[in-house]
């Protein structure tokens, strides 16, 4: 039946998204200019809530399009400027380079990753031990590498596992080409196993994601905001780890205990075991790969292992920007394994580029937060508090704001304000260093509550794997909830009760030396 041009425009708008979703986005676009005219501050927070809505509905429509429309309108009506958006993008160029090059680099190491993790999956029969292994490995890697890189590895591995089983359950051989996004060919008898396998992979993904937060908070190079805070406090790698330890050690231990508890008790969507049918297929796949592995294949694995070593050393020692190391991985991995066709290279960039564009939209929202000073009332309230109450309030304020905004931005804002207070002699050097710990742990730990707070979580939510595993925004929040409560509360208790006394003990033991000379330069805010 022919349709009018107007109906065609309506159908084309946001494609296959539900009609109610399209209506909601149009309503947002209509309301925002009116709200901005009446009260810019309220309009700013309204935009933040709307953007969170687009993330929450990621399985209905990829957030880039609706979020991008909201961001474009925000610039047009004056909530922020194109110059401020560009400033945010320039300030975060390393994150953007990382997404463009590092994620693509990991793609060319899939053979090695599948080889290692298939062995791990087959040999560890206990789901609890396997979950703990994923959490620990992610935590260890995230202490030295960027969390986005670690999540890219985990996504690559999980996608590989999913594709293998999906291919066999669709009646195909290991060597046959297959589209693992299409369930139509999956045998009816295998659908329950496929659903169980999805639940199994979902839980492993979430344990690994939490592991990146547990490890990332511990060291100077673990997260971008750690570097900013550590630089302003004048801490080296060792001093940073020691100063954070009164909070990070109890949190790390309790985080691992939570991993065991939720698996054993099958709470919050955890506890799904690997179906026997899937395990047999993985074992068959392992034997198939071993039998068919040629000298060239072995050479590729050796090359990829050497590149993995370079990747870890390069990132841990900060030999270059993360994205540039990723570019070197692409060049080395492709040239030494014989991948030279342009279309073969292009596949590697398919996963990361949509998210890179989405992150640019996210930074546009951060630009609105800055220009409309949405966090200013909270910051002023915390700084006006008594010194004894400041540690807990800084931790809580950072945690709450990091749940809705980029934790790098939140950490930078607060360390700026605290540094200003130090230079104006409003607080002592001792108080400044304790507050720096509270800010760092506050931005890193409670932010696991939602995908908004950590770029690695957002990357996982918007990856091509998330819809395959039925990993929605709501499900991520639900599965993160036990970790949010444990990490947040243990972190709060440690900041309030342990940080001061243990820091004093470190001074007495000679592990730390108080530097009364404050650095003169303020960090540059995004």
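Cβ coordinates are placed from backbone N, Cα and C, and glycine is handled just like the others.
Residues annotated as transmembrane segment in Swiss-Prot, with sequence analysis given as evidence: 25-45 (among others).
Here Swiss-Prot flags 52-72 (among others) as transmembrane segment, drawing on sequence analysis. Sequence-distant neighbours of the transmembrane segment (52-72) (same chain, 6+ residues past either end, Cβ-Cβ under 8 Å): 14-15, 17-18, 21, 24-25, 28-29, 32, 85, 354, 357-358, 361-362, 364-365, 404, 450-452, 458, 461-462, 466-467, 472-474.
Per Swiss-Prot, transmembrane segment is recorded for 89-109 (among others), and the stated evidence type is sequence analysis.
For 130-164 (among others), the entry in Swiss-Prot reads transmembrane segment, with the evidence type sequence analysis.
Residues or ranges marked as transmembrane segment by Swiss-Prot: 204-224 (among others).
As annotated by Swiss-Prot, transmembrane segment applies to 242-262 (among others), with the evidence given as sequence analysis.
The annotation transmembrane segment is assigned in Swiss-Prot to 307-327 (among others).
Taken from Swiss-Prot, the feature transmembrane segment applies to 350-370 (among others). Outside the transmembrane segment (350-370) by six or more residues, the chain places 44, 47-48, 51, 62-64, 67-68, 71, 74-75, 79-81, 84-85, 87-89, 92, 95-96, 99-100, 103-104, 107, 152, 155, 405-406, 409, 455, 458-459, 462-464, 525-526 with a CB less than 8 A from a CB of the stretch.
Taking Cβ pairs closer than 8 Å, the transmembrane segment (391-411) reaches residues 48, 52, 92, 223-225, 228-229, 362-363, 366, 369-370, 375, 378-379, 381-382, 385, 418, 434-435, 438-447, 449-450, 452-455, 488, 491-492, 495-496, 499-500, 526 in its own chain, all 6 or more past its ends. Positions annotated as transmembrane segment by Swiss-Prot: 391-411 (among others).
Residues or ranges marked as transmembrane segment in Swiss-Prot (evidence: sequence analysis): 448-468 (among others). Through the fold, the transmembrane segment (448-468) approaches residues 52, 55, 58-59, 62-63, 95, 99, 147-148, 150-152, 154-155, 158-159, 162, 180-181, 198, 205, 209-210, 212-213, 350-351, 354-355, 358-359, 362, 402-407, 476-477, 480-481, 483-484, 487-488 of its own chain, all at least 6 residues removed from its boundaries and within a Cβ separation under 8 Å.
Below 8 angstroms of C-beta separation, residues 202-203, 206, 209-210, 213-214, 246-247, 250-251, 254-255, 257-258, 261-262, 267-270, 391-392, 395-396, 399, 434, 437-438, 441-442, 445-446, 448-450, 457 of the same chain, each at least six residues beyond the ends of the transmembrane segment (479-499), sit close to that stretch. Look at Swiss-Prot and you will find 479-499 (among others) tagged as transmembrane segment.
Residues or ranges marked as transmembrane segment by Swiss-Prot: 505-525 (among others).
Highlighted: of the candidate stretches 25-45, 130-164, 204-224, 242-262, 307-327, 307-327 has the greatest count of Cβ pairs under 8 Å to the transmembrane segment (89-109). When Cβ distances are compared across the two stretches, the transmembrane segment (242-262) makes no contact with the transmembrane segment (307-327), since fewer than 3 pairs at least 6 residues apart fall below 8 angstroms. Beyond the ends of the transmembrane segment (25-45), by six or more residues, the same chain brings 14, 54, 66, 69-70, 73-74, 77-79, 368-369, 372-374 to within a C-beta distance below 8 angstroms of the stretch.
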